[in-house]
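A single structure is presented below for examination.
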Amino acid sequence: MAQKAIKKYKEVRFDLAKQLQDLQQQLAETKQELNRLREDSECDAQSREFTQKFTIDVSPPPEKKGYLFQWQDRSIGWGGTKWSLLFVSLETGRIACYESHMDQSPISVLNLRGCAVQDEGRKRDRKYKEKSNRKKNGDYRNEEEEPGYFHVFGIIHRPESDDNAEQNGTDNSSTLLPLLRFSTTSVAEKNLWMDLISCSCAYCETEDFMRGEAARAAERVKQQEEQAKLSQAMPGASRGTLPPLYFAPSVPELEKMQRRKSMSKMPKSSSFRTVTKSRDADSREAQYPPSKPMHVKAAPSFLSSEAPVQNYRGLFNLAMILLVVSNFRLILDTIRTHGLALTHTKSYLSHLYNHYSEDPFHEFPVMSGFLLLQGFLVGAFGIEWLLSRNKLSEALGMTLHHVNTHATLLSCISIVWNQIENPAVGAALLLYATITWMKLISYACANEDYRLAMKSGDVHAIEARLALLNNLEPDDESISYPMNITLGNIYYFWLAPTLTYQIAFPRTPRVRMKRVFGILLGMIACAALFTFLVAQIVNPALKLLVIDLKKTNGVYTPGILAEYWLKLAIANTYLWLLTFYAYFHLYLNFWAEVLRFGDRVFYKDWWNSSELASYWRLWNMPVHMWLIRHLYFPCLRMKFSKAGAMFVVFFVSAVLHEVLVSIPFHMMRPWSFLGMMMQMPLIIFTKSLVRKNPGSSIGNVIFWLAFCVVGQPTAVLMYTADYQLAKDRAELGENTTGVTKVDYPAELQGS
């Protein structure tokens, strides 16, 4: 009986629910009919007039926010994904990307005026594994619903004159530059985003949008100022870097209230007071009971992981004091043992000046090398000028470009190897030759791309690239190939702090002379400190190392290795950090300020790298951008895998590092090359550590140990031993390098 009653109850409930659903549907249809009748009754001659004019009112589309995968075209990683999951916001004609929905400042903001949305189909998810036979057999109602795919769409720059594409409903992908690319696993989500972005692009062409831009621009400036203050107070951590160490700001002192002359308008103070039973403070304190609870809540220790964010400024100050005291003691110890080494440096510089003052171009071949670089620069300009005027065929012109470019590096290698004995002088010439070689490769390849686009009639491609640039000079906003083929243009690129050529660069309004002089003073201070550390700490340690190696016939004993390893680790770290600051911050900013070069992100926060791959992406942005554009992506276009392309990048980088070290020392050794190539398994290891322990400092500690404690001191020890052995052989008459020897002062022999 109970089961029958329950069954009957369910049937009655189902019938009632169905009747309720029918009534709700009838009510909705009735409301729609009433609204239609009301609208019909309100229509008059004005509505008919409106339909005849066909005026279209484009209203602001609805906003949309959500997470999408964005393609990262300026970042490469060893086995890492090129698609980052970002929070995307579409609001009133602009699309902004954030690290997460909690962030206030966007990574990038794109104005959709002059843009369009492009359906790029789908791409396979290589990490997806099919779990059933139905999925393997492809039993789906629609092919787009098949799992294991990402559905891709992009935002492109559409030229205003491209009318044929609009009429045909198709776009030529060669003329449309992808500004942003997104992907999602849902087809419905992709279609919704595309519809809303398309409506936003249409709305951006209306006058209402343009009128509102001025007011929104002022509001954005205020928001950016507030966000800049917040980011300075508490900067965020990007992917692959550590979160910031928090230093609490000091509490401002309260200003004393000024005494008023008249208190008649103030309320009576008695109305704001309460009276205790005992007005004696001492007796009040004496009433403190011995049973009053001291422990009132559960709380962790200040240094435990469960504790809230703490202020470690005091410990940071202690660490700085210990660092200064310990290193000052080291300097005093070297002065007491070896004397003040700067006096020897002064005599060395004066002797070097007297030796090379007679015939600097013959006796000082580095000057001849720098003059030779100018010839290769003019040669590259001449070849490109002939190509732009169709005086040379494409194949012959690019062949001449490659010959001229590679001759730049090979000729300077020959000069350093055969004519320059001093390793520091040879390294300086070879460094500038390598920079010029990389610049000329970029100059030839970029102009080839511009030239082929012009020959194929694809003018919109260059216009689309210029549309990405901000802070351009008025003359550069409409520049096109071959207007950029001038001698001044190539020399500006040669002096500019960048390795990747483009038709125009962002510029600053003016040169700030105070900043220029400040940078020059900083460079002088860094040079003085660098010279002092080398002369006072490194050179004496290397002299003692040479003496100890002679006693052991050039064999490193464990005692010698451990002693000088630790001695050189600290000094080498100081020199490395000083070199980084002097070159990447001061020297490059000096040329950027003098040339009004706008983009000055020469490095990022590599010191927070939690994995080795992040360090190589962040510490040298000009080289990283060059490798991406002229090595990594060309390898991908040649059907290399991502891992294979990354191997090529590391291999070329390792070869260049070895050339910059071995050639100035006139000995071919594999230590720098092996040090670079051995980082590839270390990159994989640190990447797996970060994946298993996100936010941990283990990867950052391994990074510092690998570079400052193990890697660089080991390289210095190996090159010192090999260089001293080669020097001893040269003194015995076995020198085969052809380098003209310079007689140094007696106190510098052996250094």
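Any Cβ shown, glycine's included, is placed from N, Cα and C.
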In TrEMBL, which of 6-44, 45-83 is labelled coiled coil?
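Feature coiled coil in TrEMBL: residues 6-44.
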Under TrEMBL, the annotation transmembrane segment belongs to which of these stretches: 314-332, 618-636?
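Checked against TrEMBL: transmembrane segment maps to 314-332.
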Short question: which residues 6 or more past the ends of the transmembrane segment (643-665) have a Cβ under 8 Å from it?
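Counting only partners 6 or more residues beyond its ends, the transmembrane segment (643-665) has Cβ contacts under 8 Å with 76-79, 413, 416-417, 420, 423-427, 430-431, 434, 627, 631-632, 635-636, 671-673, 675-677, 679-680, 715, 719, 722-723, 726.
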What same-chain residues lie close to the transmembrane segment (366-387): Cβ under 8 Å, and 6 or more beyond its ends?
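That would be 360, 394, 397, 400-401, 404-405, 407-408, 411-412, 415-416, 420, 425-426, 428-429, 432-433, 436, 440, 443-444, 447, 451, 482, 485-487, 490-491, 494.
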Would you mind listing the long-range same-chain contacts of the transmembrane segment (574-592), meaning Cβ under 8 Å and 6+ residues beyond its ends?
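Distal contacts: 495-497, 516, 519-520, 522-523, 526-527, 529-530, 533-534, 538, 598, 600, 602-603, 619-620, 622, 707-708, 712.
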Mean pLDDT for the domain 'PH' (61-202), as a whole number?
73
